[in-house]
Every structure is written in C-alpha cells, then in structure tokens.
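What follows is one structure encoded as structure tokens, with my remarks underneath.
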Amino acid sequence: MKFFIVLLAALALFTPAFGKTFTRCSLAKEVYALGVPKSELPQWTCIAEHGSSYRTNVVGPTNSNGSNDYGIFQINNYYWCQPANGRFSYNECKLSCNDLLTDNISNSVKCARKIKSQQGWTAWSTWKYCSGSLPSINDCF
C-alpha cells in the first residue's frame with residue numbers, strides 16, 4: 001500500500017502540465033475580462049486560433065533566427081520574453097517566457113497588447129489568416 005501511495009505521489013509530481021485549451025468564446029470572454037475592448041476580440045481570437053489553436057502551453061518551432069514563440073498568442077522570445085535557457089532577449093515585456101505558458105493568461109494579454117501597441121497586428125505571422133476575415137464573437141456575449 002505504501003508503494004502505491006509513493007507511486008501516485010511521484011506521478012503527480014512528474015506529470016507534465018498540459019495547459020488550458022480555450023474555445024473562441026471562452027477566450028473572448030477572458031480577454032474581455034482582462035480589459036481588452038470588445039472591438040479587438042475578433043482579432044485576438046483569430047491570432048490565438050491560428051497561432052496556438054487556443055492552447056496556453058504551446059512553444060512554437062524554432063524560427064530562422066533561433067528564437068521561439070510562446071503561449072496562446074505565440075509571443076517571441078527574442079524580443080518580448082526571457083527564455084529559461086538564459087539566451088539573449090530584449091525582454092520588452094519584462095517576464096519569463098514560462099509566464100506565457102500558464103493557464104492564467106493575464107501576462108500573455110498584457111504582453112500581447114504591448115506588442116500590438118508598438119507594432120500593430122502584423123507583428124504576428126498568423127495575421128495573414130486574419131486580415132481578410134475575422135471570427136465573429138457576437139454569439140459569445
């Protein structure tokens with residue numbers, strides 16, 4: 001019996017975090033609750049849909065410059081967050097990239113809004129899928 005309890009405890013400690021998967025509407029509601037205007041919700045849901053499939057724990061494949069993109073909005077670690085491996089980053093959002101991989105998306109939203117204010121929607125490579133038609137969020141509220 002002790003072995004079984006120890007085994008369960010060990011599995012609980014070493015089980016990888018799977019992150020949260022939002023739906024279009026659950027993401028729209030959460031982002032709105034974090035202060036994003038309703039008029040921007042279609043853009044944010046589109047970026048999340050095409051960048052991470054609405055998943056919080058996604059680390060994208062390595063880019064041509066050796067960087068990676070993190071979290072639900074696929075935020076780049078060369079410019080915006082500090083990677084755990086200590087590699088150089090401008091870290092404009094002043095946070096660890098791991099902070100963008102949690103179920104609490106407040107850091108992701110704050111950083112993404114900073115990116116948008118400095119570079120616009122085209123900062124996201126997935127914007128090409130959004131610029132012509134955006135998902136409706138009318139049925140979400």
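The chain as shown is numbered from 1 upward.
Placement of Cβ uses the backbone N, Cα and C atoms for every residue, glycine included.
So that you can see what the record holds, here are the features copied from Swiss-Prot:
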- Cys25-Cys140: disulfide bond (DISULFID)
- Cys46-Cys130: disulfide bond (DISULFID)
- Cys81-Cys97: disulfide bond (DISULFID)
- Cys93-Cys111: disulfide bond (DISULFID)
- 20-141: domain 'C-type lysozyme' (DOMAIN)
- Asn65: N-linked glycosylation site (CARBOHYD)
- Asn104: N-linked glycosylation site (CARBOHYD)
- 1-19: signal peptide (SIGNAL)
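Feature map: Swiss-Prot annotations on the structure.
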residue : record                      : DSSP class
Cys25   : disulfide bond              : helix
Cys46   : disulfide bond              : helix
Asn65   : N-linked glycosylation site : coil
Cys81   : disulfide bond              : coil
Cys93   : disulfide bond              : coil
Asn104  : N-linked glycosylation site : coil
Cys111  : disulfide bond              : helix
Cys130  : disulfide bond              : coil
Cys140  : disulfide bond              : helix
Distance, Cys93 (disulfide bond) to Cys81 (disulfide bond) (CA atoms, angstrom): 6
Fewest Cβ neighbours within 10 Å, where candidates are the glycosylation sites Asn65, Asn104: Asn65
Among Cys25, Cys46, Cys93, Cys97, Cys130 [disulfide-bonded residues], residue with fewest other Cβ within 10 Å: Cys25
Under 8 Å by Cβ from Cys140 (disulfide bond), same chain, sequence gap 6 or more: Arg24, Cys25, Ala28, Lys29, Leu41
Between Cys46 (disulfide bond) and Asn104 (N-linked glycosylation site): CA-CA distance (Å): 19
Fewest other Cβ within 10 angstroms of its own Cβ, chosen from the disulfide-bonded residues Cys81, Cys111: Cys111
Nearest-integer angstrom distance between the alpha carbons (Cα) of Cys97 (disulfide bond) and Asn65 (N-linked glycosylation site): 17
Cα-to-Cα gap, Asn65 (N-linked glycosylation site) vs Cys130 (disulfide bond), nearest whole Å: 24
Cys130 (disulfide bond) and Cys111 (disulfide bond), distance between Cα atoms, whole Å: 20
Cys93 (disulfide bond) and Cys130 (disulfide bond), distance between Cα atoms, whole Å: 24
